[in-house]
Amino acid sequence: MYLAAVSAGRRRPGGDGGGGGGGWHLAAAGWLLLLALLLGQPGTRALVCLPCDESKCEEPKSCPGIIVLGICGCCFMCARQRNESCGGVYGLHGACDRGLRCVIRPPLNGDSITEYEVGVCEDENWDDDQLLGFEPCNENLITGCNIINGKCDCDTIRTCNNPFEFPSRDTCLSALKRIEEEKPDCSKARCEVQFSPRCPEDSILIEGYAPPGECCPLPSRCVCNPAGCLRKVCQPGYLNILVSKASGKPGECCDLYECKPVFSVDCSTVECPPVQQVVCPLDSYETQVRLTADGCCTLPTRCECLSGLCGFPMCEAGSVPQIVSRGDGTPGKCCDVFECVNEVKPTCIFNSMEYYDGDMFRMDACRFCRCQGGVSICFSAQCGELHCDRYYVPEGECCPVCEDPVYPVNNPAGCYANGQIQAHGDRWREDDCTFCQCINGNPHCVATACGQSCLNPVKVPGECCPVCEEPTYITIGPPTCELLVNCTLTEKDCIYSFKLDQNGCRICQCKTREELCTGLISGCSLDCSFGFQTDAHNCEICQCRPRPKKCKPIVCDKYCPFGYLKNKHGCEICRCKKCPEMPCGKICPMGFQQNSHGCVICKCREATASLMPPVKTGSCLSMDGRRHENEESWHDGCRECYCHNGREMCALITCPVPNCGNPTIHPGQCCPSCPDEIIVQKPELTSPSICHAPGGEYFVEGETWNIDSCTQCTCHSGRVLCETEVCPPLLCQNPTRTQDSCCPQCPDEPLQPSLSSNVSMPSYCKNDEGDIFLTAESWKPNVCTSCICMDGVIRCYSESCPPVSCERPVLRKGQCCPYCIEDTVPKKVVCHFNGKTYADEERWDIDSCTHCYCLQGQTLCSTVSCPPLPCAEPINVEGSCCPMCPEMYVPEPTNIPIEKTNHRGDVELEVPNWSTPSENDIIHIHRDMNHLQGEYRSGNGPHPSEDASVSSVALVTVPITIALLVIIVFLLINQKKQWIPVSCYKAPTKPSCLNNQLVYVDCKKGTMVQVDSSQRMLRIADPDSRYSGFYSMQKQNNLQADNFYQTV
């Protein structure tokens, strides 16, 4: 049998004191009567507290003293006064007021005192020598961080309180970054001197720090330290009694206990139970010995976890810690148990072969790859220069070897080599670097010539020529400039400094102000919200302006998910930003893609930029009849919605399919259900880190796509929001939906009103709400019901939902039945690299030498192969992977027109005639190393004079070529099917094709990729919000004539 004990009364602010116990005694009498009945039966002592419901607590009125929490810790009650009963079983008789103690009188029959006696409240009499000691607090393993000296200091300690300001390193770093970003100009700030207060023993000092956007630190403060709250352990003959509850303020942080004496007890008649010796595990200790309330017997000791014991193990190189068992803070399981295991790194898969971390494999004849962290880093072999007229490439090799000239066959005998007889003309491999041929009975052997374009080449087992895994960087020291001679200009004459030559040395010419300002801001990558600072010459420098002081706090009732626009002073105005901020760490050689709204998204653009649809703007009319501005977000009670280019986009929710013929959506519910159902399953909303469409595809913020032929979706704030077609009323009981239709349709001929000439028949219908509908007018009172006015009578039809075969059917807003979309969308996989997500077939750059490609979830990377150079001391240019000869280097090579001022002061546009070298791409860039080496060896490289003449012809031919290409592109777009030829990739030294699971190309026949460009988009007219959020229409009207649906 259980006793449910509930205290009656709760303290409220401003509650008065004085008077008697109020109505609490009447309520307690019933409990005490029940308690007396229970205590009469042996073995029935138990207490079960009901769940706390503060609304059912009665406020204690006219209390003569303080109010205290009841035994269940839920409701407040009046403290017991002098000569009133206290204590008892489970403390049901209440606690004494301040200044009083609960005294338990010894039984008259000489029995021992137990913990269930009822005491009496008497005046306290206290001496410090009654204290035996303190119980330690209950420590927990806590992890967190604090900002100390501008850095995040993180630790894991076992303590009674949480001394950390931030729960994790990420939250601490975010706060530190926000402080740095919003750090104002504090050079003129005046802060008051803040003195640290002296904290009481029960609290600790928290030093103040400057919050984000402020210069002056907050004052230091004292906060309660639970580790200082120790419960007293009293001497024999004394009880530990709660005197006052903690208030949570420094100085009143701990519950105040005092040792109260009990009447002397004769322990000679007390028989103590045997106490077993406790053996604590190695991670814990045995607590102090405690006595019973009468001081006659000792209580069993217990084991507590040792403080500061848990930590993180340090493993040797090549091994990582792995959790064997989780600790729960109990003795024997105080800490997590770790073991050092060999570090398992992800493997690489290529051509159905699995390679472990560090393994090297051959991609083709000239390309090798090494598996590093699950990513294949690929590089090319380094072939040397041959000094012969005839050469060939041995089978399975990359680098060519010299071949002896053709001699007449004088002795067709064979050759004996390595224990085998080789026929005349046979070739064999003597070792990794030596290849031989039998000519006229004698073996003729030549060695492979290897090149070296890096300082630390890597030898591949079984290969002759080493490979370069990393490019070599050469540091160029600053030039030594000579003094200007025969120059009459001084520092005073050139107030904007002197001009510099290509070596960075002064020349006898003064800089203009424009040249000075351009040089100060060029190459600056800062994104300053309030503009750049200026120097003494009023030139912008690469430092951000602080937040302007004159900006007033914006008062705006608009909800802008992307923030507000700023005026010319850098202050926010009540207008919404069109595009969100795009935090993206990708390096995209062709720039970033844009969504249909013209906003940049974190996705690399392909080499040929696709034509983007025109930008559309406008407000949205929601199905509930409310108008929302563009880019506005709201919640309609079931799903999150967003106005995107004039279209209402709402989240797809997962609902079960109702098993009845007349489902409906009840008020306050989101999913359809049968009329007799009471409990309706709530819809499930997913919250992924990036948008994960139901079909399995991943999309980034701002990206728009078609989930099927009827639904267009966009990625907004990590949620997939979709716009769907509004379906007309269904005037039949069992509509069907075909695969090529977006809305259910009636299989039979729709209902038509009778052509009766009876004038007494009414020409309208009236529903229960008093709405008038004309004859033949149809409408939808809710998403599952369609009605029509027929001959003065309203006839309604309920839509029945067909069964589905998928596990998570989705429900579009404005429709009745959930349906499956997993089978209609092909699934795509993504690549995860360095904490970023890349789409399938997306390319990106790690640095100027390493290019990566995502193929079916596998990341493949390649490095640039640099050709040998004809100069002795090549230089390395910043931003370029391969070194180049000094005579080939032109600062900042570009094909963008540059403004230059001639000697007359006129501005001219000059296009530099140096071609910009492109880096090695995995597929599309063709590079013939032998051809390039031959040009440099023969001195037939590009010359500026030749390129100048070519560029003049290009100025005429390039616009014509571009115009023809644009015409061809538009003709191809208008076709139903497009056939796009993919060019062949050629290996550096022989005309073979690359077959590495990236793109398979047949060089002889060519590869044709079929693209289906037929996509249908539906533009929906605004629904009529007069009838329960849906529209009304004349059934006999032609839908196309009313422009209700338009195909674009």
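Glycine is treated like the rest: Cβ placed from N, Cα and C.
Of the listed cysteines (CYS49, CYS52, CYS96, CYS102), only CYS52 is recorded by Swiss-Prot as the disulfide partner of CYS74. Per Swiss-Prot, the residue from CYS57, CYS63, CYS96 that shares a disulphide bond with CYS78 is CYS63. In Swiss-Prot, CYS96 is paired through a disulphide bond with CYS121, chosen from CYS57, CYS72, CYS121. Among CYS57, CYS72, CYS86, the one Swiss-Prot lists as the disulfide partner of CYS75 is CYS57. In Swiss-Prot, CYS86 is paired through a disulphide bond with CYS102, chosen from CYS49, CYS102. Here the domain 'VWFC 6' (829-886) has, by DSSP, the following mix of helix, strand and coil residues: 1 helix, 23 strand, 34 coil. Each of the disulfide-bonded residues CYS49, CYS57, CYS75, CYS102, CYS121 was ranked by the number of other C-beta atoms within 10 Å, and first place falls to CYS102.
In this structure, the disulfide-bonded residues under consideration are CYS52, CYS74, CYS78, and the one with the smallest number of other Cβ atoms within 10 Å of its Cβ is CYS52. Inclusion criterion for the recorded positions CYS74, ASN83, CYS86, CYS121: a C-alpha placed within 10 angstroms of the C-alpha of CYS49 (disulfide bond); this criterion is met by CYS74. Look at the Cβ of each of the glycosylation sites ASN83, ASN486 and count the other Cβ atoms within 10 Å; the largest number goes with ASN83. In terms of C-alpha distance, the listed disulfide-bonded residues CYS52, CYS74, CYS96 place CYS96 closest to ASN83 (N-linked glycosylation site). For CYS72 (disulfide bond), the spatially nearest entry among the disulfide-bonded residues CYS52, CYS63, CYS78, CYS86, CYS96 is CYS52, judged by CA separation. You'll find the Cα of CYS75 (disulfide bond) roughly 8 Å from the Cα of CYS52 (disulfide bond).
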